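Taken from Swiss-Prot as is:
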- 1-21: signal peptide (SIGNAL)
- 87-106: disulfide bond (DISULFID)
- 95: N-linked glycosylation site (CARBOHYD)
- 116: N-linked glycosylation site (CARBOHYD)
- 210: active site, acyl-ester intermediate (ACT_SITE)
- 262-274: disulfide bond (DISULFID)
- 479: N-linked glycosylation site (CARBOHYD)
- 518-539: disulfide bond (DISULFID)
């Protein structure tokens, strides 16, 4: 009799735990969410549940529309053992003339949960991948490093890219920002479902690198973001970078229509209807027509300021105006850069041309006034050619003086790219948030060059010193294929410190943030910029006199 009662109590306990959303005790690979049951994969030291749809496929009549939550009910167990596919894209890092990758039906999330841990539940890191809003994918930022530490659940997100994600005519008919709206729906899915995987919905940290970092910032500028996440980190990208908020998108939208055979469209509604009828491959392949040379500009299609009457508009004001209004989510935020972030995309200037055998940077001596507005993203922000030429001349004089563009002067060209595309906006965004926000604002700079990074990949060269370029920090958190697996001892330490930093920030009960032995200093209420410097030798808090 006592045995029967004990068994009944045990069964009731299992039922209660299952109802509470915990991972099934009898089979941790079998997870139940509102759509039904799904089965993941055992990877030794972690479990993975990949390519779970969070939105209806954005195809057919749902192309160029606000994403719709995935409602299908599974009659059989969903197979979550296959890696996510890439959203269709024209990828910069593919050699050759055909850079097309991916498919249109791609709106999925993937969940990675540590195994063999003393914890039953984990804080959550949701990652928005980078790629200039044009390319990349959730699998681009590998999960092995984070899973090795066994301290957080990682969720990666696929979202629409390039023209499929960001074409816009600036009005309600074709408003744009579909990729950002995808991200937001995915974050809502995480909030509602992560407990079923052993995640803590009250401890969600949203992070992103480059365009992912800018996406994090843009998500944070919505007042309802605080309902989806506890804190946020933008690595080497924020909403104030000049390549983020696009101008001239209406003209590009109609030019896209002309390229794919919608040239007869005279209004946004007609253009949208025509574009919906065209093969996605044709639309994405048209990206090549918007590149001046190589992959420049690297973001021909990106976030837009939408019309207030657009359906479910994402942002209707410039980020600066949103911050000044104070109407954004008050969650702790960290923003970062690397000392030579401009190695992307300055490094491609060192690539030797097959026709002449000389580097592209040499051609800048004759093409600077033509190319600079595209390289540094002021082509659409200035009204006259004279304004552009005057600014181009000023930049060249400030960074090069009377020297010519050459391999020998590359370092100063890269410094220009770092300042204008990444570093300067960190200072401005921190300054604005400390003035008009209430929640903590943190910043750090990373200075520790990797052996192989974006500089070497884009230039195809190992004979040039690039410094600490774009991604050298984040690629110690999320492993990528082109970074050597045999990292230096200092990089192993930094990798662990970074991952612990994410865990600390997600779990923090007082909104503080720490890296190793260094506690970040809050910029809110400070007269000087508080910046944590991270190097191979450790970390140090610094004060910079750079606020206005």
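Just so you know, glycine gets a Cβ as well, placed from its N, Cα and C.
Just so it is clear, the model here is predicted, and its values are computed rather than measured.
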Using Cα positions only, nearest of the recorded positions to the residue listed as 'active site, acyl-ester intermediate' (95, 262, 274, 479, 539):
479
Go through 106, 539, the listed disulfide-bonded residues, and name the one with the sparsest Cβ surroundings, counting other Cβ atoms within 10 Å.
539
Take the Cβ of residue 518 (disulfide bond) and count every other Cβ within 10 Å, whichever protein chain it belongs to.
18
Restricting to the chain of residue 87 (disulfide bond) and a gap of 6 or more, list residues whose Cβ falls under 8 Å of its Cβ, or answer none.
102, 103, 104, 106, 107, 137, 158, 159, 160, 161, 164, 165
Hey, does DSSP put residue 95 (N-linked glycosylation site) in a helix, a strand, or just coil?
coil
Using C-alpha positions only, work out which of the recorded positions 95, 116, 479, 518, 539 is nearest to residue 262 (disulfide bond).
95
Might you list, by sequence position, any residue in that chain lying six or more from residue 274 (disulfide bond) with a Cβ less than 8 Å away from its Cβ?
257, 261, 262, 264, 265
Would you kindly give the Cα-Cα distance separating residue 479 (N-linked glycosylation site) and residue 116 (N-linked glycosylation site), rounded to the nearest Å?
21
Given the glycosylation sites 116, 479, which one has the fewest other C-beta atoms within 10 angstroms of its C-beta?
116
Mind telling me which of the recorded positions 95, 210 has the densest Cβ neighbourhood, counting other Cβ atoms within 10 Å?
210
Measuring Cα to Cα, how many angstrom lie between residue 518 (disulfide bond) and residue 479 (N-linked glycosylation site)?
24
